[in-house]
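So the structure is just underneath, and the comments pick up after that.
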């Protein structure tokens, strides 16, 4: 029996006053906006026949009514009523509730004349105070998957429902917060279907962490609901590893002797077991997650049917603990950490798993006494309720529970003992009789017999006594389900002669009184409650009565078992069916009403990489949201009636008594004290870390102990640590770790041997588990209308995995329902798996190793082949198959050699066929690149038909001697008549690729990130002002807003807590960058919806960087030249100060609220002070062009004094350079260090426009902005805009980010000022003579065209293009030439240098550092017994950080190729750079850089690289500066797919802000490396050499030329275009070619090469993959086809291929021999006849 009671307060009233009539007023303690408020009104003790009329309403005491009135009429026969009081938004606004600053309270008022006339009240009103909340309705947010990679797209849905769980169409506000808690996205939306869907992309630079999507009703700030998702770097696993302990706990009792046992299971995502080896290790983990590894417990076991068992005896465990000086009894509160790495045998893939929740406990059970009341009723039974759970969380049945109850009365005490076993669901109840005199009850409860769990509870009697108590006793202690009838019994306790006739009761659920009723009093009164959906997930039952004028009450919280939704949604597939990838699947959707069903399918492999922590939306989450409206606190009951009402979430008034006003929506939290343990179990390395107390110095120590991927002494590393406080611990710990590693031996006898080694926790990020994925992670993201039933046919993706399909329905009649997910396994009993490299080059040799998996019960023999495709050389031409036998339940790799011969994206298809239906085929795209390195060249011409000299142009073709000889290269020509719409429209800044399409630059740092925002804002502003959005596609406006929001989201990743910004995530803040962000985000306020307070904080930070003289300084500059003028000293300070002034001026727009006016005045004062500084410097006349331009613009923009503006203007104009119709600022006057040689504008219209450096463009753009503000659109502004317009690149941008941002801003302002609706035409004719004859194009354009506003044409690279121009509109013609070159002889390499070397896995000398001799990448066999040198924990787990995968065990000559990259950079001391430089390294084919190595270069205290990016085969390394001395960094790379005859690759080092300053080089694979050897089989090699020349050796064999085969070759087939007799002078290597320089000894024939004569030199090229070698000093007869390239002197050079005749000329001595005399004669006859007569056909 469960006794629930209520106690009335005792008041000293006369008996007559106790029975006076009353009006009782009940209501939920919180009023929710827009939700009807339930109000209970009761008439008590009124005389028979008396009728009471009145009304109830809500009001704000300071203003007036907040709701309409609701009337009531009561009498003794009808003495209670439950009303619904509307709370409209308009009334709440009008009564001023939203303006209340403190907790907004509202009064519920009952008004009736009866109160004053009959109830003797002073007024006609009676009321109670309620808390007002803008929370209303229910919102649910769903994402398409629980975890994402940086750079991935997040798709989400928001479901909006009202208080009754019915669809709501009210406006929603949706926000996204990043892992730093910063809002990065906000939008207001209207969802007519009540389901809003959207998506966004996580910035690729995002740090790991938890993001949040929140949604609320726009008018309800407190209706906020959110969902979280994880962002971390991962790739989907091929198989999942699970760790399952035999017992979910480890007992710390010393006498406990059982073994610690653990099962390891590895299964592919499609359910089949994995073959392989499991490597396991253990650690102790504390409450903060810090791990200390236990040496000696490491194991290496073989998987059998995907499983293995690990057992650790108690003695083994205690021995391991002894090494860290601790005892097993000290471990309670800690956890045993287990980590396992499984390497599968067939493919060598490695997956990992960890177990972090294996606690050390003193008992196998836990005790929960939360359902026991905290109030004692003397004289009544006390019900103790306990729930016993096992440590796994499941209920523990049939467990003995003992209770020792001590009853205290003053100094007397009595002890009662009880014992009982738990029932089937772990529950047990004890009824303890409490005598009337007892004041305190102390309970000691224990569960379990051998090692029991213990809990204590003390309850006390109420401080005062009343007339009696009310007991509520449920008939069944179990929680009811929806549809059940819940029966309760009511009875009085301590009232000998009750005088009341009825019990009154209420049912409260989801913050509303759902029912109010009464029941006649009997000796035992039973009440039945039908539990429907409105009472789920919980409700309070509150009962009360009045006795002697005092209320007696009690309450009980009833939890409803979570079950089904109100409606119905079922997802059905044929679960028994075995689906294959690509199959169609029937998905049945069933509802019980018309509904919208939102679907989604998730790859269950996501849960294996950490997605379990963020579970998908299910009914338990729905119930949780619904239950959040529950206003009650605790299981029910209270010390008195008022407390009973209050804890049930009710407000109550009876005229004399009043419940306390609720201050907030939460319940008071019980304070819990947690006992922390500090056990000294650290190994040597932990002791070293323990020497440092602060987190910063510990981080420095850990960084020092981390091994770099390159050789550096500890002293060299410490010298790079910028902070002195960090340098000492870094150096000390580095030397400590170096000594530990030096003492390691390479021949451990077993994996479990103890090692004095570096603790792995500082080497390993356990979440950094990178594996591969080729397939979508989710699909089926769609919303389907369903009317009770719908059958969908969907096609399954190619993944072999298990899909989990989710469904959420939304119905107008039944609300929201979440279906139970259904799983679909996609599997092939026989399938193959194929890996390809990112890209390869032509004629490199590739080894494919598809892996065949056979899960059938019998062996399978299949034939495997690669399908023939043009551009690939294959075994047998692709028709030759390998017969392979794959045993049952196993896997086997098959090797194929392939040589690509065409540069293209080729579909490579591998087919395996067996008998009957057995077989599989996989097709993937192989990206094949041309040899050499890409070279780009751009040319711009101004088209002006009104200028006679510009009506006809002749554009010469390219004749670069370095172009590869057989590349099919072209010149692309683009013509436009509308510069504004081309640059800022849907083909430029607002193109699908966004501003990224304007520039060919990376976007890694914060300043580069702003390129997403600034030009897009400029474009939007231009189109708004000129009203030209209608000329662009309709979706362009939305796309522009999306681009701006993406840029805003990305830049927030760099924000610091104080509002400032740094160039990198872990870099100190920069004044210049912070000002740049403030300017742009201030302009973007309308689109991004950012809070002004954040930008005000940013402006405040900038004020702190101002010096006394008014200038600004930058503690951590981003760039030193590109934006700050390329200047030193004063100029640099002036440019920075002007830049900050411009930003602060734009930032004034965010100071609109009253609270910010004081800071706004400080900003205005700062601008005035800075302007004085700028005016001083401008007056001195010593500034360079850039500083002058930005100063003039800043002073004009901020409306400084006229004198200052005039001085700056005159100074600037004195530096202007004018040529014809062009005006620009180039060389910087005033500082000799800053003079740049002048680049003139074109002398006449027929010449190309010279391309100026980035600094000139930016300076001129500031000049244009200044002129437009000062003079408007005038002649000078026209000339400046003309020059700037023709500096644009082929893509539409300029040189780098800053010049592009400022120039687009300036040109946009100019184009707005000069916008006209007048239409002008431009007619352009382009003609050229190419290989295929004469080609001509006529273009008719106008200045308002959008669709086809430009034409892009293609011409042969070497062809001359003739241009004729007509019409009356100006235009621009741009040419882009892109081709691959043999060599990169760049003159800038004299000033800027880069060198890349690749070696095999380096064994550094002892002098450098013994640490780096150790090879951490020993392979693992699939059977532990085969290891003579087993893999150690340090080898396995530290080595894992340096690789993405492990290959299967192979023979020694088949081990995967690992190489070490060393990148060295330096510069000439006289070369000035902006500071930031980027090294762009194209990796050798088939290689991938080790990400862990790159992260070490950027993330440790001795940072070597600011940032890195990987893009396909490219690795980009960002350097803050280029040193004047040679500095090198290194990283490892793995060749995941074998490639032979690897060709050289390119590397470029360039100044980011002036990309023309660069150095480009080739580098090659290690010499004598297998990377340079052939992999192909005989017929594949023969195919690959089919295009190679063949040297004729007929003369040596004495074969006579009876058939005239030389003449046939020369004149018939293939009919050559040249014939020379040459002497070879030398051989040289050029990229993927060999070059032979020769001297002509006889000219036999020529076609194009008219200058050919004896004694001239000619170059012959042959592919390096061909076997042909021409020996220096020997003579050869060479005949073939004319080349398309020329050498440096302009002479033709020739490619030697299969259409070339190459024959070594015999020596005179050889021809004198009798055997060769006839053959020599025939050769001489041919030479004479061919040279004199040529071909007679």
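Backbone N, Cα and C define each Cβ position, glycine as well.
Since we're looking at a predicted model, the values are computed, not measured.
The feature disulfide bond is assigned by Swiss-Prot to 66-95 (among others). Long-range Cβ neighbours of residue 66 (disulfide bond) (same chain, at least 6 residues apart, Cβ-Cβ under 8 Å): 57, 58, 59, 60, 87, 91, 92, 94, 95, 97, 106. According to DSSP, residue 66 (disulfide bond) sits in a coil region rather than a helix or strand.
Taking Cβ-Cβ distances under 8 Å and a sequence separation of 6 or more, the neighbours of residue 667 (disulfide bond) in its chain are 633, 634. Among the features that Swiss-Prot reports, disulfide bond is placed at 633-667 (among others).
Positions annotated as disulfide bond by Swiss-Prot, on the basis of similarity to another entry: 700-726 (among others). The Cβ of residue 700 (disulfide bond) has 692, 721, 723, 725, 726, 727, 729, 730, 733, 1501 as same-chain neighbours under 8 Å, each 6 or more residues away in sequence.
The feature disulfide bond is assigned by Swiss-Prot to 701-733 (among others). According to DSSP, residue 701 (disulfide bond) sits within a helical segment. In the shown protein chains, 27 other C-beta atoms lie within 10 A of the C-beta of residue 701 (disulfide bond).
Taking a C-beta cut-off of under 8 Å and a sequence gap of six or more, residue 714 (disulfide bond) has these contacts in its own chain: 704, 731, 734, 735, 738. The disulfide bond annotation in Swiss-Prot covers 714-734 (among others), and the record cites similarity to another entry as its basis.
Under the three-state DSSP scheme, residue 1464 (disulfide bond) falls in the strand class. As annotated by Swiss-Prot, disulfide bond applies to 1464-1528 (among others), with the evidence given as similarity to another entry.
Packing around residue 1581 (disulfide bond) is summarised by its Cβ count: 18 other Cβ atoms lie within 10 angstroms of its Cβ, all protein chains included. Among the features that Swiss-Prot reports, disulfide bond is placed at 1576-1581 (among others).
The Cβ of residue 1666 (disulfide bond) has 1585, 1588, 1589, 1696 as same-chain neighbours under 8 Å, each 6 or more residues away in sequence. Residues or ranges marked as disulfide bond in Swiss-Prot (evidence: similarity to another entry): 1588-1666 (among others).
The Cβ of residue 1735 (disulfide bond) has 1607, 1610, 1611, 1615 as same-chain neighbours under 8 Å, each 6 or more residues away in sequence. Secondary structure at residue 1735 (disulfide bond), as computed by DSSP, is coil. Among the features that Swiss-Prot reports, disulfide bond is placed at 1611-1735 (among others), with the record citing similarity to another entry.
What Swiss-Prot records for 1711-1720 (among others) is disulfide bond, and it gives similarity to another entry as the kind of evidence. Residue 1720 (disulfide bond) falls within a helix when secondary structure is assigned with DSSP.
For 700-734, the entry in Swiss-Prot reads domain 'Anaphylatoxin-like', with the evidence type sequence analysis.
The domain 'NTR' annotation in Swiss-Prot covers 1588-1735.
Marked as N-linked glycosylation site by Swiss-Prot: 224 (among others). DSSP assigns residue 224 (N-linked glycosylation site) to coil in the three-state reduction, placing it in neither a helix nor a strand.
Residue 664 (N-linked glycosylation site) is surrounded by 10 other CB atoms, counting those within 10 A of its CB over all protein chains shown. According to Swiss-Prot, the N-linked glycosylation site annotation covers 664 (among others), on the basis of sequence analysis.
Residues or ranges marked as N-linked glycosylation site in Swiss-Prot: 743 (among others).
The N-linked glycosylation site annotation in Swiss-Prot covers 1323 (among others). When other Cβ atoms within 10 Å of the Cβ of residue 1323 (N-linked glycosylation site) are tallied across all protein chains shown, the result is 18.
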Mapped DSSP class for residue 1323 (N-linked glycosylation site), helix or strand or coil: strand
Disulfide-bonded residues (726, 733, 1464, 1528, 1611), the one with most neighbouring Cβ atoms at 10 Å: 733
Most crowded position, judged by CB atoms within 10 A, among 633, 1588 as disulfide-bonded residues: 1588
Rounded distance in angstrom between the Cα atoms of residue 1323 (N-linked glycosylation site) and residue 1464 (disulfide bond): 52
Neighbour tally for residue 1720 (disulfide bond), based on other Cβ positions within 10 Å of its Cβ: 18
Cα-nearest neighbour of residue 664 (N-linked glycosylation site) within the listed disulfide-bonded residues, 1581, 1711, 1720: 1581
Neighbouring C-beta atoms (10 Å sphere around the C-beta of residue 1676 (sulfotyrosine)): 22
Cβ neighbour count (within 10 Å, all chains shown) around residue 95 (disulfide bond): 20
Candidates 734, 1711: member of the disulfide-bonded residues with the richest Cβ shell (10 Å): 734
Cα proximity to residue 1676 (sulfotyrosine), best match among recorded positions 224, 1581, 1711: 1711
Whole-number Å value for how far residue 1720 (disulfide bond) lies from residue 701 (disulfide bond) (Cα to Cα): 80
Cβ contacts of residue 224 (N-linked glycosylation site) (under 8 Å, same chain, 6 or more positions away): 139, 214, 215, 216
Alpha-carbon spacing, residue 1720 (disulfide bond) to residue 1581 (disulfide bond), which is rounded to whole Å: 33
Residue 1581 (disulfide bond) versus residue 1464 (disulfide bond) - Cα distance in angstrom: 37
